[in-house]
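What Swiss-Prot says about this one:
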BINDING   R48  NADP(+) binding site
BINDING   R125, S126, S127, N241, A242, G285, K300, P301, T302, S303, S304, R326  FMN binding site
Amino acid sequence: MSMNSFGHLFRVTTWGESHGPALGATVDGCPPGVPIEEAMIQHWLDRRKPGQNKYTTQRREADEVKILSGVFEGQTTGTPVQLMIENTDQRSKDYGDIKDKFRPGHADITYFQKYGIRDYRGGGRSSARETAARVAAGGLAREAIRALAPNAQITGYMVQMGPHRIDRARFDWAQIEQNPFWVPDAQAASDWADYLDGLRKSGSSVGAVIEVVARGVPAGLGAPVYGKLDTDLAAAMMSINAVKGVEIGEGMAAAELTGEANADEIFMGQNGPQYSSNHAGGILGGISTGQDIVVRFAVKPTSSILTTRKTITKSGEETEIITKGRHDPCVGIRAVPVGEAMMACVILDHLLLHRGQIGANRGHIG
């Protein structure tokens with residue numbers, strides 16, 4: 001098994017490499033009758049595409065999506081939807097000097113150890129370029145969610161860059177689209193711009209923490225033990241390039257709390273059960289509660305930096321390497337729309353699973 005697919009009923013297979021002619025996604029299991037046009041998916045791809053500001057890689061890709069199958073007269077047909085994005089701005093010559101060297105911090109060495117061959121041009125399949133296909137699939141998932149959970153909204157934003165965190169007291173949803181970092185804190189966005197400018201000019205990089213919230217998701221999604229909603233969300237986020245950690249709700253900080261502080265107390269509201277807090281991140285026992293679903297993931301610093309580092313060649317000789325090419329000083333910036341896309345795919349998948357198992361019937365309280 002090559003493990004290029006994810007999902008249960010809404011199943012996404014991505015394909016293509018960083019410097020190949022194209023990449024894309026084959027989406028199987030999308031319900032029929034979902035209104036979809038290329039422009040709807042393009043909207044989400046435009047938020048991720050490179051070269052939009054000085055804080056991301058200067059590789060210039062239009063990232064124009066083409067729908068090749070599964071859509072007729074502006075609606076999905078229920079058959080596989082094929083999405084393709086052409087690569088147009090590859091500079092493979094930037095990687096000629098490292099074709100026999102392994103870049104520290106990259107997947108070069110592990111791909112070679114596993115397969116005995118690797119595409120050294122931009123990392124091939126291990127490149128974050130692959131995530132464009134995920135965002136395209138996520139755009140389709142968002143449109144399908146509208147029909148099944150019309151109140152659902154999925155929003156991602158950065159909450160930490162290097163050692164610098166947002167001030168939750170200044171959290172403003174309206175600020176997220178107003179700065180290049182997708183930060184809900186205007187002061188943090190300004191401070192981070194100065195911080196990243198210094199790192200970028202020095203040729204270094206930095207990690208980040210991204211938070212993705214799904215609001216308006218109904219209670220009841222997910223299943224006990226091995227079909228947990230948070231299991232699939234954690235796996236989806238962990239599969240994103242450079243991700244080294246995932247948290248749901250309070251996450252690791254829950255270990256510092258007492259039982260009294262961590263348990264979200266329940267009371268009856270006008271529209272059913274309500275909670276005094278959301279330490280659980282909208283999921284209990286692997287099943288959604290109806291509260292906001294909150295997921296965070298941490299991305300490591302970009303490994304491609306302009307500092308000379310020690311490494312080895314394919315023949316085992318010790319040497320040094322300097323990475324050329326165009327790279328993100330903070331991959332967390334463009335990971336925001338990727339995290340949103342993965343959230344959308346998982347939520348839709350579980351909406352379909354829930355509908356298939358339970359239908360319209362649910363436990364009613366009050």
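For all residues, glycine too, the Cβ spot is worked out from N, Cα and C.
This view paints the features noted in Swiss-Prot onto the structure.
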residue: R48; record: NADP(+) binding site; DSSP (3 states): helix
residue: R125; record: FMN binding site; DSSP (3 states): helix
residue: A242; record: FMN binding site; DSSP (3 states): coil
residue: K300; record: FMN binding site; DSSP (3 states): coil
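Distance from the CA of K300 (FMN binding site) to the CA of R48 (NADP(+) binding site) is 18 Å. If you draw a 10 Å sphere around the CB of S127 (FMN binding site), it holds 19 other CB atoms from the protein chains shown.
Long-range Cβ proximity for K300 (FMN binding site), meaning a same-chain Cβ under 8 A and a gap of 6 or more residues, is found for G105, G207, A242, V243, K244.
Same-chain residues at least 6 positions away in sequence with a Cβ under 8 Å from that of R125 (FMN binding site) are, in sequence order, G16, E17, S18, Y111, D119. Spatially close to T302 (FMN binding site) yet at least six residues away along the chain are S205, A242, H327, D328, P329, C330, V331, judged by Cβ distances under 8 angstroms. For S304 (FMN binding site), the count of additional Cβ atoms within 10 Å of its Cβ stands at 23 [all protein chains shown].
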